[in-house]
Amino acid sequence: MSLAQTLRGALLTDFMGAAWIAVREMFRRKATVNYPFEKNPLSPRFRGEHVLRRYPSGEERCIACKLCEAICPAQAITIEAEPREDGARRTTRYDIDMVKCIYCGFCQEACPVDAIVEGPNFEFATETREELFYDKERLLANGDRWERLIAKNLELDAPYR
């Protein structure tokens, strides 16, 4: 053992260095968030729970082009459509199996009228798998609930689309 190692052990420099690091870290700003009481802000591009949007007049936006169904890599979307009296096509059935969904956002990008959008909600835990099978009514209800925030996020994201 050399003299330097003996002095280092006697003066407890390693211990003092570790104690200094512990004290310094104690007063550093916390990196964690006390979820669910605190939440970090979400990006306008955040992809969460799916929604079907309506026009301001109340009519649903979906024109039953089925592009979202065709582009979905997980095959989580099922659409059935019928023509209306005025000749326009509208969906009679629009289902998303959220268990299959991989939240890639392809359905949102493919939609020509911004009818299907992945909204800001990420807290949609359920007790059964059946509750993760979203039908048209539930998707429209999600759209009605989150419309203001979705419209704002789409406006913020517009320069990049």
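Cβ from N, Cα, C; glycine included.
When pLDDT is averaged over the domain '4Fe-4S ferredoxin-type 1' (53-82), the result is 96. Among the features that Swiss-Prot reports, domain '4Fe-4S ferredoxin-type 1' is placed at 53-82, with the record citing sequence analysis.
For Cys62 ([4Fe-4S] cluster 1 binding site), the Cβ neighbour count at a 10 Å cut-off comes to 24, with all displayed protein chains included. DSSP classifies Cys62 ([4Fe-4S] cluster 1 binding site) as coil under the three-state reduction. Residues annotated as [4Fe-4S] cluster 1 binding site in Swiss-Prot, with sequence analysis given as evidence: Cys62, Cys65, Cys68, Cys111.
Annotation source Swiss-Prot lists [4Fe-4S] cluster 2 binding site at Cys72, Cys101, Cys104, Cys107. In sequence order, Arg47, Pro73, Ala74 are the residues of the chain that are 6 or more apart from Cys104 ([4Fe-4S] cluster 2 binding site) and have a CB within less than 8 Å of its CB.
The annotation domain '4Fe-4S ferredoxin-type 2' is assigned in Swiss-Prot to 92-121 on the grounds of sequence analysis.
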Problem - Nearest of the binding-site residues (Cys65, Cys68, Cys111) to Cys101 ([4Fe-4S] cluster 2 binding site) - Cα to Cα - result: Cys68
Completion exercise
Given the domain '4Fe-4S ferredoxin-type 2' (92-121), its same-chain partners at Cβ distance under 8 Å and 6+ residues beyond its ends are 42, 46-53, 60-63, 65, 67-68, 70-82, 129, 132-136, 139, 142-143, 146, 149-150, 153-154
Handout entry: Rounded to the nearest Å - Cα separation of Cys72 ([4Fe-4S] cluster 2 binding site) and Cys111 ([4Fe-4S] cluster 1 binding site)
Key = 11
Practice task
Can you figure out which of Cys62, Cys65, Cys68 (the binding-site residues) comes closest in space to Cys107 ([4Fe-4S] cluster 2 binding site), comparing Cα atoms?
Solution key: Cys68
